[in-house]
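Features reported for this protein in TrEMBL:
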type: DOMAIN; residues: 37-334; note: domain 'G-protein coupled receptors family 1 profile'
type: REGION; residues: 224-245; note: region 'Disordered'
type: TRANSMEM; residues: 21-45; note: transmembrane segment
type: TRANSMEM; residues: 65-84; note: transmembrane segment
type: TRANSMEM; residues: 90-115; note: transmembrane segment
type: TRANSMEM; residues: 136-156; note: transmembrane segment
type: TRANSMEM; residues: 176-199; note: transmembrane segment
type: TRANSMEM; residues: 278-303; note: transmembrane segment
type: TRANSMEM; residues: 315-336; note: transmembrane segment
Amino acid sequence: YTGGCVTSASWHMPYPLGFQVSLTALLMVELVLGFSSNLTVLVLYCSQSDLVHSVSNLVTANLHVLDVALCVLCLPLTLVIVLLPPGPNFATLCCFHEACVTFASIATAINILVISLDRYDISVRPVNRLLTTRRALLLLAGVWLTSVAVFFIPFLEVRFFSPGGEAEEAYHTGLGMYYHLVLQVPIFFATLAVMLFTYSRILKALNIRIGAHIRTGGRFRGPACRGRRKKLTGGGPAAAAAAPGPAPLGVQASVSAIMALRRAVRRHRDRRERQRHVFKMSLVIISTYLGCWAPLTLVNVLILAAGPGDGLVSARLWCLALAYGTTVSHPLLYAFTRQTLRRALRAKVKKRVVSLLQVDPSPGGTVIHNSWVENKKSGRQVRLEASEATDRCLAEV
């Protein structure tokens with residue numbers, strides 16, 4: 001076992017043909033979808049300068065930069081490991097592969113941990129945030145320094161940079177050869193624990209706000225409505241004859257109270273809907289990270305406990321391909337769920353459609369009109385501008 005590979009002196013295919021075809025197809029799909037989706041998100045962030053001013057967008061963009069790096073460096077190297085037969089320098093290639101896997105595992109975990117802390121900060125402390133732009137930049141710099149540092153751990157295990165170091169073929173001997181696996185296990189569980197804590201506190205904060213709003217509305221509006229209702233119906237005909245003037249005022253106050261109550265019910269329904277949305281997204285985010293990286297962590301624990309074998313090596317490659325699936329899920333979970341980014345994407349698509357539908361005026365030429373790409377009415381624009389602040393606040397969680 002040399003860095004997740006089965007080596008042999010003869011040149012032969014290291015894995016069965018069916019294993020290679022199926023795993024290669026999965027890795028190619030992840031490579032194409034992950035690279036295109038993450039690159040699209042980064043292009044949108046770069047084209048809209050106002051998007052990167054937010055700390056949340058900054059840490060999210062950093063995750064997409066990491067995913068692009070995984071699609072460019074780690075995924076192709078895993079494809080080479082699966083397809084390339086063993087050769088003279090195959091053990092060194094496997095060492096590079098293990099370095100990339102260690103980098104991918106720890107860098108992804110730390111970036112997701114930072115995003116979880118940012119969402120906790122913006123949900124629990126929206127006014128006085130701890131994670132400012134300067135602190136976020138320093139934190140992201142530390143994340144990249146840590147990720148690059150762990151990349152060299154597999155090389156240090158085999159004394160790759162030492163002139164009289166061990167041979168790469170002895171990479172599997174001794175407990176000291178598995179430090180990179182030992183490091184990945186606690187990082188995974190620490191990130192999972194932080195995610196569970198932060199998202200549970202986010203849901204708790206939302207419950208407290210909704211409950212406080214309901215209690216305040218009930219104490220303030222209920223007696224007033226009952227008092228107005230007594231003014232309308234409590235006096236009977238004699239009271240109406242004695243005071244005929246205030247009746248229209250009472251009706252107007254009752255109508256205002258009903259309209260205010262409807263607005264309160266609508267706001268409460270919107271908040272409940274937002275709570276359900278945040279709960280579903282939190283559950284999906286945690287389940288995705290757990291489903292993609294837990295199998296690889298489990299195989300690492302088995303390798304540390306029982307030693308590497310052919311079955312564990314093959315299973316580890318499958319689990320690694322499953323872990324690479326986060327490069328496809330991250331744009332869906334962290335980028336395209338934001339209102340601002342979806343609005344920027346629609347603007348880009350609309351501009352592209354306009355450029356394709358434009359026809360040069362010429363004698364006898366036809367001008368194509370499309371109501372979808374034409375300017376909307378001014379009322380629609382006013383409503384969008386009025387709700388922009390609300391959408392920005394809702395998109396941050």
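In case you wondered, yes, glycine gets a Cβ from its N, Cα and C as well.
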Stretch winning on C-beta pairs under 8 A with the transmembrane segment (90-115) (pool: 21-45, 65-84, 136-156, 278-303, 315-336) is 136-156
Within the domain 'G-protein coupled receptors family 1 profile' (37-334) only, compute the mean pLDDT. 79
Could you give the residue numbers and ranges of same-chain residues that sit at least 6 residues beyond the transmembrane segment (65-84) on either side and whose C-beta is under 8 angstroms from one of its C-beta atoms? 4-5, 14-15, 19-20, 23-24, 27-28, 30-31, 34-35, 38-39, 42, 90, 93-94, 96-97, 100-101, 103-104, 107-108, 111, 147, 317, 320-321, 324, 326-327, 330-331
Other same-chain positions with a Cβ less than 8 Å from the transmembrane segment (136-156) and lying at least 6 residues past its termini are 3, 55, 58-59, 62, 66, 95, 98-100, 102-103, 106-107, 110-111, 114, 118, 179-180, 183
List, by number or range, the same-chain residues at least 6 past the transmembrane segment (176-199) whose CB is under 8 A from its CB atoms? 98-99, 102, 105-106, 109-110, 112-113, 116-117, 119-120, 150, 153-154, 157-158, 282, 285-286, 289-290, 293-294, 296-297, 300-301, 303-304
